[in-house]
Amino acid sequence: MSQRSTAVRLPRRSPVDGLRRRRLSFAEVLAQSVSALAPTAAMVVVPSIVLVEAGAGTLPAFVAATALVLLIGWCLTQFGRRMAAVGGTYSYTAKGLGPVGALVGGWALLVGYATVAMAALVGAALYLAGLLGLEPTPPVVALLGGAVGLLATAFAVRGIRLSARVALVLEVVSVALVVAVLGALLVLAPRTPGSAAPVVDAPLHWGGLAVGTVLGVTAFMGFESAAVLGVEARRPLVAVPRAVLWTPAVAGVLVFGAAVAQVVLLRAAPIDVLTSPVPVAELADRNGLVPLRRLLDLGIAASFFACVTGSTNALGRVLFSMAREEVLPRTLGRTHRRFDTPHRALAAVLPAVVGVPVLALALGARPRGVLVGALTVSAAGYVVAYVLACLAVPLFLRRIGELTPLPLAGGLVAGAAGLAVLTAAVAGAARGDGAVTAAVTVAALAPGVAWALWLRWRAPERLRSVGVYDQATVSSVLPGTVPAEPPR
Amino acid sequence: MTPAIDRGLTGRQPKAVQSALAILETVARVGAGVTAKEVAEELGLPPATTYRLLNLLVGEEYLVRLPDLHGFALGRKAARLTGATGAAPVCTAAREVVADLRGRVRCGVHLVLCTPSTLHCADVDPDHPLQAPELVERHLHASAPGKLLLAEQDDWQDVLGPTRLHRLTDRTVVRPADLDGELGETRRRGWAVQGGQVHADLSCAAVPVRSPAGALVAALVFTVRGVDPAAPAAHAVPAADFARRLGPLLG
């Protein structure tokens with residue numbers, strides 16, 4: 001091969017410039033993923049829900065869920081090692097499935113981040129109300145939720161670094177609190193089976209295991225959100241994939257441990273504890289550990305608050321990416337002069353994240369209903385985004401000529417398993433009392449498809465630059481090796 | 001933290017290091033735009049291994065993926081492998097321009113050559129020698145030509161780790177945020193200045209010398225006794241003409 005006469009030209013500026021470049025350490029990148037996942041809430045809430053459905057299949061269901069999420073994470077690292085994105089899985093999907101697939105996935109991702117932020121907002125407000133000794137009536141929750149939303153947005157606008165550090169501290173403290181509470185309860189727990197034992201030890205069957213796995217997967221949603229920090233992370237092609245793999249691994253261990261503890265605790269508990277909204281808190285109350293319960297509430301509130309900031313950060317950056325591609329109005333792609341954050345996209349997020357739950361509460365919905373409903377919709381949004389990104393892996397690698405058997409198999413298996421989870425969840429919802437939630441989910445996700453097709457039909461030129469990422473510029477290569485693009 | 005256990009190079013690691021170096025060499029030889037498949041074929045390496053090593057080298061920023069995502073080029077960091085030792089001697093014509101400038105001002109005038117990440121004090125004023133050229137070259141955050149070089153970067157932390165902001169005098173900037181501010185000011189102004197940040201009783205200004213293509217190739221540095229940066233700064237604007245004359249000679 002001789003010296004090639006390439007026509008390669010590099011731009012002088014990255015299409016996603018304006019964000020503060022290369023400042024976040026690995027711990028701060030990890031904090032973004034961990035906070036969006038909200039491990040405390042997952043540890044306390046999810047195991048008991050799985051227990052009711054899966055019985056003795058609970059622990060295998062968590063192992064299966066962790067394995068599936070790790071596989072999805074591995075697929076995402078195929079992109080993460082090759083491109084530093086700001087739009088997360090949306091930008092990844094664009095490189096494999098093209099603009100229409102990307103917009104469908106991108107919309108689903110937006111729905112996922114937005115609704116999980118809403119759920120966490122209501123959750124934080126609920127637990128704060130509990131801490132302050134207030135009755136969690138809809139107006140109280142709405143007021144506290146508004147305050148939480150404002151504070152979280154202020155952190156996000158001030159800088160990803162501040163919000164990541166706050167989130168990391170909150171998560172470490174709250175996980176430690178949960179571990180302490182579970183430990184104390186294990187010491188105090190009676191060794192005799194209670195009336196919940198038949199449910200906890202219900203024989204393992206495939207249906208229960210499947211539903212349990214689906215519910216288990218919801219504990220991990222948001223684990224990939226470090227993928228929006230492609231510009232801001234130091235050594236992004238190393239740090240982002242690592243965070244996307246470590247987060248589900250660490251969360252998997254934590255949630256599994258919490259599940260083991262809860263199996264032991266709830267086996268000895270009366271049945272009405274198992275069916276209460278937060279069985280761990282209920283147990284603490286009944287054991288006379290009221291201060292412990294307060295601590296637990298504080299931990300959960302902190303974790304929910306961190307989740308609001310994490311999801312808002314991610315949501316703002318996906319919108320920022322879309323605005324830079326001119327799929328959305330260009331003004332959302334502006335960054336703050338001093339803080340170098342996508343402040344307009346973040347500010348645009350606030351009314352939706354605060355407004356929708358407040359409206360639902362004003363219309364008479366129960367706070368806990370809003371929390372669970374929003375979580376369900378968000379899980380569906382995330383899974384759609386993940387499935388599309390996993391299916392994009394083989395196409396992407398083939399396009400750049402780097403396809404090998406392992407990623408091909410990984411992408412297909414993860415995509416198919418994700419689809420199966422989605423189908424099982426929808427079928428389960430339609431069969432049970434979740435018809436309203438299922439309808440809301442479909443109503444939330446359908447506009448994405450319509451939007452993508454409409455743009456394809458009426459304004460295909462706006463789809464041209466879908467998939468922008470922090471690409472190489474003249475200053476990133478060895479000086480003199482690649483010429484610059486002529487200025488436009 | 002547990003101390004790292006040194007097991008030396010084991011198993012297939014030596015082979016992996018050799019392959020990684022061969023890949024760097026291939027990208028350098030074939031040129032920007034070479035694809036992963038071409039690298040694998042050229043070296044006779046298994047594709048999966050090649051892709052993995054390429055991703056590692058891209059992650060460490062010795063290689064860069066071009067915007068189409070399938071071509072590769074050498075990254076900026078590859079320049080560090082050659083260091084500053086390759087700096088060519090300054091030509092006579094350029095020395096004459098500097099000597100001409102020295103005849104017109106009453107302060108130290110030095111020519112400092114710049115690579116993308118290093119400085120080299122190439123022509124030091126014989127009448128007002130620099131007290132310690134190595135301090136200027138090493139402490140980029142404190143010296144005026146160093147600030148000029150850092151202001152040229154997208155992110156100065158690529159060149160100078162934030163833990164390397166050593167305090168040389170009471171006035172040295174040691175907080176990354178303060179340095180950010182100074183570099184922003186330098187970019188706006190077009191030249192750099194510092195007062196008493198390297199030596200307590202010296203201030204200096206650095207005016208960029210740019211190649212015809214616009215790359216920073218050198219700096220004209222003025223040193224004046226005292227800590228008031230206004231004194232050397234007074235020389236900066238008139239020196240722009242000399243910098244323009246030097247550009248084609250050095251770039």
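Note that the numbers count up from 1, one per residue, in the order the chain is shown.
Cβ from N, Cα, C; glycine included.
Marked as transmembrane segment by TrEMBL: A:29-52 (among others).
Nonlocal intrachain contacts for the transmembrane segment (A:58-79), taken as residues 6+ away from its ends with a CB within less than 8 angstroms of a stretch CB, comprise 47, 50-51, 85, 89, 91-92, 95, 200, 204, 208-209, 212-217, 219-220, 223-224, 227, 241, 244-245, 247-249, 252, 255-256, 259-260, 263, 386, 389-390, 392-393, 396-397, 407, 410-411, 413-414, 417-418, 421. The annotation transmembrane segment is assigned in TrEMBL to A:58-79 (among others).
Residues or ranges marked as transmembrane segment by TrEMBL: A:100-128 (among others).
As annotated by TrEMBL, transmembrane segment applies to A:140-160 (among others).
Taken from TrEMBL, the feature transmembrane segment covers A:167-189 (among others). A Cβ distance under 8 Å defines the sequence-distant neighbours of the transmembrane segment (A:167-189), meaning residues of its chain 6+ beyond its ends; these are 27-28, 30-32, 34-35, 39-40, 43-44, 254, 257-258, 261-262, 264-265, 268, 280, 283-284, 287, 289, 292, 295-296, 298-300, 302-303, 305-306, 309-310.
Here the transmembrane segment (A:209-231) has Cβ contacts under 8 Å with residues 14, 16-17, 19-22, 24, 29-30, 32-33, 36-38, 42, 46, 49-50, 53-54, 57-58, 60-62, 64-66, 68-69, 72-73, 76, 79-80, 83-89, 92, 112-113, 116, 160, 239-240, 243-244, 247-248, 251-252, 255, 307, 310-311, 313-314, 317-318, 375, 378-379, 382-383, 386, 421, 424-425, 428, 469-470 of the same chain, all six or more residues outside its ends. Feature annotation from TrEMBL assigns transmembrane segment to A:209-231 (among others).
Under the heading transmembrane segment, TrEMBL lists A:243-265 (among others). Beyond the ends of the transmembrane segment (A:243-265), by six or more residues, the same chain brings 26, 29-30, 32-34, 37, 39, 42-44, 46-48, 50-51, 58-59, 62-63, 66, 69-70, 73-74, 76-77, 80, 175, 178-179, 182, 185-186, 189, 200, 216, 219-220, 223-224, 226-227, 279-280, 283 to within a C-beta distance below 8 angstroms of the stretch.
What TrEMBL records for A:298-320 (among others) is transmembrane segment. Sequence-distant contacts of the transmembrane segment (A:298-320), counting only residues of its own chain at least 6 positions beyond either end whose CB sits under 8 Å from a CB of the stretch, comprise 16, 19, 31-41, 44, 86-88, 90, 106, 109-110, 113-114, 116-117, 120-121, 123-124, 127-128, 131, 148-149, 151-153, 155-156, 160, 163, 166-167, 170-171, 173-175, 177-178, 181, 222, 225, 228-229, 278, 328, 332-333, 335, 341-342, 345-346, 348-350, 353.
Annotated transmembrane segment per TrEMBL: A:345-365 (among others), in sequence order.
Summarising the annotation, TrEMBL assigns transmembrane segment to A:371-397 (among others).
Annotation source TrEMBL lists transmembrane segment at A:409-430 (among others).
TrEMBL lists A:436-455 (among others) with the feature transmembrane segment. Counting only same-chain residues 6+ beyond the ends of the transmembrane segment (A:436-455), those with a CB under 8 A from a CB of the stretch are 99-101, 103-104, 106-108, 110-111, 115, 327, 373, 376-377, 380-381, 384, 426, 429-430, 462-463.
For the transmembrane segment (A:100-128), same-chain residues at least 6 beyond its ends with a Cβ under 8 Å from one of its own Cβ atoms are 36, 38, 41, 87-91, 93-94, 136, 140-145, 148-149, 152, 221-222, 225, 297-298, 300-301, 304-305, 307-308, 311-312, 314-315, 318-319, 322, 327, 349, 352-354, 356-357, 361, 367-368, 370-372, 374-375, 377-382, 384-385, 388-389, 392, 444-445, 447-449, 451-453, 455-456, 463, 466-467. Remote same-chain partners of the transmembrane segment (A:345-365), defined as residues 6 or more beyond its termini with a Cβ less than 8 Å from a stretch Cβ, comprise 114, 117-118, 121-122, 138-139, 141-142, 145-146, 149-150, 153, 156-157, 308, 312-313, 315-317, 319-320, 323, 332-333, 373-374.
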